Amino acid sequence: MGGGRKRGRTQRRHFKQGRENVWKHNPQRPPAGEGGEGREGNPSWQPFATENPAFEEYYKEQQIIPEEEWDDFMSMLRKPLPSTFRINASCQFFQDICSQLENDFRKSLETEVSDEHEEDAIRPLPWYPGNLAWHLNFSRMQLRRNQALESFHEFLKRENEVGNITRQEAVSMVPPLFLNVQPDHHILDMCAAPGSKTFQLLEMIHQSTKPALLPSALVVANDVDVQRCNLLIHQTKRMCTANLIVTNHEAQNFPGCNLAKFCSETCMDEAKLQRLEFDRVLCDVPCSGDGTVRKAPDMWRKWNAGMGNGLHRLQVEIAMRGMGLLKVGGRMVYSTCSMNPVENEAVVAEILRRCGDSVELLDISSELPELVCRPGLSTWKVRDRGSWFGVHEDIPRYRKSVISPSMFPSGKGSQDVEVNTDVVDADMKDSTDMGEEGEQERNTAIDDSNNGDSAKTEEKTEVDCESGEALTRYKKLNFTSTRTEHSDYPLHRCMRIVPHDQNSGAFFIAVLRKHSPLNGGRWGKK
């Protein structure tokens with residue numbers, strides 16, 4: 001039996017190698033984007049459909065871009081995402097890599113592909129400091145399959161493996177830049193896996209340290225999934241740093257930690273415990289991810305409006321926990337790879353609403369002047385089960401437990417909805433006091449996101465007689481609220497990156513500063 005399995009593995013390996021060789025040397029292979037993007041040898045395979053009527057309807061209604069730009073926006077979303085990478089400026093061979101890119105690869109790539117591309121084949125991203133990040137006018141698939149790019153592709157793989165470069169989506173590099181990291185900072189990356197941003201933070205603290213000196217900074221990289229923590233460790237071990245701790249916790253319940261401060265050996269008994277607070281917090285929360293549709297085209301098939309609704313509460317909880325762990329005077333970046341205002345501006349508005357004067361939303365539009373971005377939205381709607389709502393009061397009673405007031409611009413709801421606004425400050429409550437109520441609410445919301453706008457699902461899940469009758473009327477009417485709201489908070493200070501501005505993915509970023517303990521020190525903490 002063991003010999004049979006071994007022979008089977010050997011046969012599969014030889015078959016795979018033979019198939020790769022055929023594709024590598026076959027001059028008749030279809031170019032990328034013309035059938036070559038699919039699964040080789042499978043004539044029944046069809047590429048992902050790059051359309052979803054519900055997606056288009058949703059974002060047209062939300063008016064995330066002007067109507068006259070809509071065709072350009074959708075056209076760019078349907079194109080493969082160009083590859084990008086970042087050079088590790090703290091690595092030993094930093095200057096050699098920069099020289100090789102500028103003097104060797106840049107010239108050779110221009111020669112090889114000048115007839116195929118109108119723009120530069122490879123160029124530094126203008127907004128990234130020090131020309132450390134580079135943009136390629138090729139998708140990852142093209143890099144793998146274009147014979148002229150083979151040596152460059154091997155260079156990228158080799159340098160990425162040893163940590164000299166990191167292959168990362170361009171917009172994903174933006175949030176750490178707004179943290180303004182210093183070499184003595186304590187930094188928390190709340191939802192860190194797969195680890196590209198964590199690695200970027202490690203680059204920053206080592207790069208900003210004087211030669212021959214090690215930084216005193218600490219990066220705590222957390223993720224809720226243990227398998228993704230393994231991926232995180234695999235990614236960050238390329239740095240070979242002693243300034244990293246990887247943890248495995250729910251971000252919204254990240255525990256409070258103590259630091260032991262020792263004087264000398266003679267006063268060890270007088271060691272005092274100090275609550276660990278962070279100078280910087282990166283809150284790149286789980287999201288629906290529709291901003292990555294160019295990189296993950298299966299998103300066209302999967303997307304529905306319920307995905308963002310289902311994650312909203314969890315996103316608020318994670319952001320508030322991050323704000324509680326942040327030092328007074330510290331800076332937190334909230335970010336998503338979603339275009340959905342329910343996951344973006346609505347969450348930021350809820351943070352500001354709960355924290356009051358303790359937190360300020362910063363205007364960072366001048367910090368990366370060459371980064372093209374749009375201001376945040378001040379008004380939006382919520383879509384639930386096929387209907388549009390502009391204010392929470394219009395939500396049917398049986399849906400008010402799922403569609404919360406915080407999803408709307410004003411954050412105001414009707415009297416029969418109780419909203420938990422407790423926030424966590426790092427020095428106010430024992431970290432073991434977590435409870436189960438919040439977890440049950442999160443599970444309910446996330447489960448609901450799987451239902452999308454499906455009326456059939458609603459009929460199966462709602463069994464209450466009174467609400468069931470109301471539900472039937474609601475679905476038949478396909479209700480659309482005529483009332484709308486505008487947020488009173490300066491949400492225009494948020495940043496929206498849209499794909500057709502700089503040939504990238506989509507991203508949302510908000511930068512917040514903590515001016516004082518949350519609510520004068522009254523709020524609870526995990």
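Cβ atoms here come from the backbone N, Cα and C positions, even for glycine.
No curator has checked TrEMBL annotations; they are predicted automatically.
What TrEMBL lists as S-adenosyl-L-methionine binding site is Cys191, Ala192, Ala193, Pro194, Gly195, Ser196, Lys197, Asp223, Asp284. Look at TrEMBL and you will find 1-16 tagged as compositional bias 'Basic residues'. Feature annotation from TrEMBL assigns domain 'SAM-dependent MTase RsmB/NOP-type' to 73-515. As annotated by TrEMBL, region 'Disordered' applies to 1-49, 429-464.
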>> Neighbour count, 10 Å Cβ-Cβ cut-off, for Gly195 (S-adenosyl-L-methionine binding site): what number do you get?
In response: 28
>> Using a Cβ cut-off under 8 Å and a sequence separation of 6 or more, which residues in the same chain sit near Ala193 (S-adenosyl-L-methionine binding site)?
In response: Asp223, Asp225, Arg228, Cys229, Leu231, Leu232
> Other residues with Cβ within 8 Å of the Cβ centroid of Cys191, Ala192, Ala193, Pro194, Gly195, Ser196, Lys197, Asp223, Asp284 at the S-adenosyl-L-methionine site?
Replying inline: Asp189, Thr198, Ala221, Arg228, Leu232
> On the Cα atoms of Cys191, Ala192, Ala193, Pro194, Gly195, Ser196, Lys197, Asp223, Asp284, which are listed as binding S-adenosyl-L-methionine, what is the maximum pairwise distance in Å?
Replying inline: 13
> If one looks at the chain holding Lys197 (S-adenosyl-L-methionine binding site), which residues at least 6 apart in sequence have a CB under 8 angstroms from its CB?
Replying inline: Ser172, Met173, Pro175, Pro176, Asp189, Leu282, Asp284
> So how many other Cβ atoms are close to Asp284 (S-adenosyl-L-methionine binding site), meaning within 10 Å of its Cβ?
Replying inline: 23
